[in-house]
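Some notes on the structure that comes next.
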């Protein structure tokens, strides 16, 4: 043998040739073992420190934001965060801006008009700046699964502003395309809306201010195209403001592309999580003009698969307007989303500066681009994109991605085959034996992954069964001990047990490690090819381990896998993937952990976290775990892992593991005080009552509440109510709340709610024709109302006033179709509305229609009864409660 040319997989060449003729003395053996153990411990410690250090570095990089620029320091074409924060202070000064309220319809609109007039007065003379208020009435259909909605609105208010080049003469109006920016100025119930979406509203104001200060450079305008700013006044209520603009404003016909700015959290970076559809030039400009990119195809596909419990105006602008666009949202601290804690103090100038710098650069680039002049010429398919540690963006078309994935997947498999051929060519290594070991390594590696994920899922199930789910909600670090440790333990245990109990004279331990590493690379390659065939663009994630492992494999093949050398080449190649996947892990959990507190109480959120942990652990360490075979004292590793798991379980069972905190990560409750009136077909009252209704939010509703507030321990489920009454006789704000009626609770109330704007509903006329019946109704009430329309069996809705066509039924009740109408009145309009229903009524006795009218009093906190207020006052300090009155009356015709 020739020294360093010894191949690691040749057991006999290493063991036999290196066996000393005289065995060492016992004391020398002990010193040698002690030395080896010390070296292993030192190397393991250094590796752990490096791994933790890299992870902390990526976290620091993710959380580091630019310093906010002060007004005194701002220069031309530079976003000024201090001014944006001052605007936000004014916008949020009156509290929640619920659509339909005086605060939203008057105060917020007047604030925007005043700011826009100031911006226009200071604009450069070569730009035309203007604004208008749109008030629109319309309707559209939201095709949600099982619970579709017909959204009908009147008097929705939008504030629309524009900046456009003047051209050669003031007499010639601008006739070119527009880039549209959209943000909504209304807020959720009880929320001041500093984050959602006040942050983006003031960012748009400051971006507009900076655009109006743009100068002429070398005789050329910085803005070749116009920029529209849509401050829409009704997003929280089924995105009606965006629909009003897209369907009813004359300038909408000239929009070429749009940027939607929304918020699902407070603070941090804004993530670009949807693009297109098609039109990859948008991502090209994002890459070229955004200073600190934060974008990921994975986020786009996760959102579009419905794994994020949220919707944005992006869907409405894209579908109704038919425009390509980019969708941005703050997403890094979502605990306060849609709560009263979403206040001014949660928004920093650093966050505003980060968003403003990026959006200003992107808008300037797109508004001066060639593509905006002829968008249809650039419909080239979707794109694959991701940022690397927010330093730069990688972007290419989906077609290019398919080619890259196929080539690199084939290369990875080819290198594995090449390595196996090298093994086969060595002495005492037959093709059958090498292929058998490779196949067994693949089986063991695959089983290790499956068992590891299974163990994590089992822990999630056990914790949920013990009522300890979401222990990581406020203490994120618990995820490592609970779910990472079981997965990593199983990932290392498989190779260790196989090498220990499956003896072979053909391969040295290091050679067997290489087979396990190749097995993992093979799994990645097959997944990459399979996901690519399935059209999953997020398959790009697998390129990181494949590219760098392939590179180190090539180097090691050239070096003939020299002992004590190949391992360091391999470890060096894992650094970049480890850094990237650390960044991805930080992002994934920052976005999703807070969102688990706003789903419902039927699902176990620990299952989601267990799977996320398994996935990220697989990407982080799957090409490192087989190295456990090289450790001399493996038992210490498993003792350490078990100890970490046990300690984490103990800590999770203490108050540290209690999911909720008073001002940082509250538990959400929806509690309503409802009055209900049910009428017979002859218009006499059948039933009347008042109840408190608890709508569930997370896994611990209502168990925690029942343990702390004695009244709720007497609460009942709806049960037979849902069989007897349409939509369970509950005045739902959104019909999809009906999904959770089996886990919702109610209490009888002794007091009747106070309604400052009572519902007035009456049948105006009823006309029977041949096989048809036409019913005309008048309704008057608060800004937020709903209608449940359900023709009886054998009857069918032929026509109504809310849309040109009758939409499909949602979940049927008692064999009857059910149609849900969200009825909104903006601009403080409370005049009666008239609507008409035409039914197909074949001959026969019995009623033709069940019709329920619902009123929601979302911004009437001062109208709570003393009984209702006392119930709210007894809520736990860690709870955030949305509480308002509701009304329902149900008729049979």
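Yeah, the Cβs are placed from backbone N, Cα and C, and that goes for glycine too.
Automatic, uncurated: that is what TrEMBL annotation is.
What you see is a predicted model, and the numbers here were worked out from it, not measured in a lab.
Per TrEMBL, the listed range annotated as transmembrane segment is 32-57 (candidates: 6-31, 32-57). TrEMBL lists transmembrane segment at one of the ranges 636-658, 659-681, 682-704, namely 636-658. Looking up the ranges 371-391, 539-559, 707-727, 728-748 in TrEMBL, the one annotated as transmembrane segment turns out to be 539-559. Between the stretches 321-345, 346-370, 571-595, TrEMBL puts its transmembrane segment entry on 571-595. The stretches the transmembrane segment (513-533) and the transmembrane segment (571-595) are not in mutual contact, being linked by fewer than three Cβ pairs under 8 Å (pairs 6 or more apart in sequence).
Across the domain 'Peptidase M28' (176-362), the model assigns an average pLDDT of 91. If one looks beyond the transmembrane segment (402-422) by at least 6 residues along the same chain, the residues whose Cβ comes under 8 Å of a Cβ in the stretch are 7, 396, 434-435, 438, 514, 518, 521-522, 524-526, 528-529, 532, 539-540, 543, 546-547, 549-550, 553-554, 557, 560-561.
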